[in-house]
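K.L.:
My questions will all concern the structure given below.
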Amino acid sequence: MTAAQGADYAETASSAYRDILSVIEQVEPRVAAATRQELTDQRGSLKLIASENYASPAVLLTMGTWFSDKYAEGTIGHRFYAACQNVDTVEALAAEHARELFGAPYAYAQPHSGIDANLVAYWAILATRVETPGLAEFGVKHVNDLSEADWELLRAKLGNQRLMGMSLDTGGHLTHGFRPNISGKMFHQRSYGTSPETGLIDYDAVAAAAREFKPLVLVAGYSAYPRRVNFAKMREIADEVGATLMVDMAHFAGLVAGKVFTGDEDPVPHAHVTTTTTHKSLRGPRGGLVLATEEYAPAVDKGCPMVLGGPLSHVMAAKAVALAEARRPEFRSYAQAVADNAQALAEGFLKRGGNLVTGGTDNHLVLLDVTSFGLTGRQAESALLDAGIVTNRNAVPADPNGAWYTSGIRFGTPALTTRGFGVKEFDKVADLVVEVLSNTSADGSSKAKYTLPDNIADGVKASSAELLDANPLYPGLTL
Ligand code: PLP
């Protein structure tokens, strides 16, 4: 049993949760009921969402404390509020664990989420590369010392910078410069994609695009690319064009922490700034983290007030606990199992005739093109859910069904690996998924409608239940 599964302290956690729920019940029983139901639902479904996991009871319980009540704007030892000594302790611990775990010179634990971590990173890069030299040109030290006219000139310069990131349909993220997100409104953006033949990143093509576009920021990292990235090559490209390399490892931070990605595949030694979420493969609380070189550290450290207000002190405490867990040897075995299980899932699909984007995986996720089953991503996602399999639809490169209906389903192994699933179980998962999809018929009148016979859904649920019962979530935890 791993700590994340909870068996080590199941009895204590059970009594803690019973007490917590009875307190909530006295105020708003419907919230207590929904909280109980959420555990039942999570225990009873095959969770294959690549961005989700199950944090340990230690991490979850750490979030439910009075740290939530404390304002602590500023940074460690330098706050705009009094009485932050204990917040200083937990924030410093989170940063220390992050530095040690990832081998980073500097870590910032305040971002509330991945999107916040990316905003902090972008503004830290703009501050370092544009604002600070701009102030020097005007002969002042602080923005408040500029005249209105000079401030307008500097603001215009800040708003006239370029960013290059991976295209959405090949696996990039909205925060990598796309118009619906603030990053696309801040920067002129151009995307790099993948090779239409192999589905892989073509580093020569990225270099050629970067030479032409000359971005200030080159972003590497993804939400739905099932392969490893060579960050040494990305850094070479960034250096050649004078860009800052920012890596968003939100999805695969657990594989970096667990030393599955090392050398050129470890982003931290190569990137100027690395961002991540803490709740996906890293298995911590919902939140963000920024790692930086000495050069960018002072600007990142000003995340508050730059783009953040008061940090979520209770979540920073939980980050410290989760990062301490990730430094244990068991986490390396977990991370390796996440990657091995993704391979097993991919092979399971391939041997049953599935069509995978890039032909396979070497990280924690698999992207199945469901058009070979005659379905859209939306139809496949809904049919799988009817059979108790929780996934999410995702665009495939040059997706004919667009970003809403899509043609793909993204599968990730971090959550079920936490439950104890191994390669045998993931082969069975592939079998169940194919069973659902090959028995689902699209309704030609809509990209959302479909039919899945009840007996198939029921049969798959029964087989899933066997797998789930053999690998319980939070074993021994009873409410
Ligand atoms: N960056 C990447 C690559 C992501 O996949 C995500 C979330 O899916 C984010 C950033 C944003 O994270 P959050 O939802 O915590 O804001």
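Glycine residues also receive a Cβ, built from the backbone N, Cα and C atoms like all the rest.
Copied straight from TrEMBL:
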{"type": "DOMAIN", "residues": "25-128", "note": "domain 'Serine hydroxymethyltransferase-like'"}
{"type": "DOMAIN", "residues": "160-432", "note": "domain 'Serine hydroxymethyltransferase-like'"}
{"type": "BINDING", "residues": "LEU168, GLY172, HIS173, LEU174, GLU294", "note": "(6S)-5,6,7,8-tetrahydrofolate binding site"}
{"type": "SITE", "residues": "HIS279", "note": "site 'Plays an important role in substrate specificity'"}
{"type": "MOD_RES", "residues": "LYS280", "note": "N6-(pyridoxal phosphate)lysine"}
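What's the neighbourhood like for each of these?
P.N.:
Across the range of the domain 'Serine hydroxymethyltransferase-like' (25-128), the DSSP-based residue counts are 62 helix, 9 strand, 33 coil.
DSSP classifies GLY172 ((6S)-5,6,7,8-tetrahydrofolate binding site) as coil under the three-state reduction. Cβ neighbours of GLY172 ((6S)-5,6,7,8-tetrahydrofolate binding site) (same chain, under 8 Å, six or more residues apart in sequence): GLY165, MET166, PHE178, SER191, VAL219, TYR222, SER223, TYR225.
The Cβ of HIS279 (site 'Plays an important role in substrate specificity') has 25 other Cβ atoms within 10 Å, all protein chains considered.
In the three-state DSSP assignment, the secondary structure recorded for LYS280 (N6-(pyridoxal phosphate)lysine) is coil.
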K.L.:
Tell me the Cβ neighbour count for GLU294 ((6S)-5,6,7,8-tetrahydrofolate binding site), meaning other Cβ atoms within 10 Å of its Cβ, over all protein chains shown.
P.N.:
8
K.L.:
Given that the record lists LEU168, GLY172, HIS173, LEU174, GLU294 as binding (6S)-5,6,7,8-tetrahydrofolate, what is the largest C-alpha to C-alpha distance among them, in Å?
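P.N.:
Pairwise Cα check on LEU168, GLY172, HIS173, LEU174, GLU294 gives a maximum of 31 Å.
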K.L.:
Could you round the CA separation between HIS173 ((6S)-5,6,7,8-tetrahydrofolate binding site) and LYS280 (N6-(pyridoxal phosphate)lysine) to a whole angstrom and send it over?
P.N.:
15
K.L.:
Given the binding-site residues LEU168, LEU174, GLU294, which one's Cα is the least distant from that of HIS279 (site 'Plays an important role in substrate specificity')?
P.N.:
LEU174
K.L.:
Please tell me which one of the binding-site residues listed here (LEU168, LEU174, GLU294) sits closest to LYS280 (N6-(pyridoxal phosphate)lysine), measuring Cα to Cα?
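P.N.:
Among LEU168, LEU174, GLU294, LEU174.
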K.L.:
Using the structure shown, find which entry in LEU168, LEU174 (the binding-site residues) has the sparsest Cβ neighbourhood within 10 Å.
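P.N.:
Each of the binding-site residues LEU168, LEU174 was scored; lowest Cβ tally within 10 Å is LEU174.
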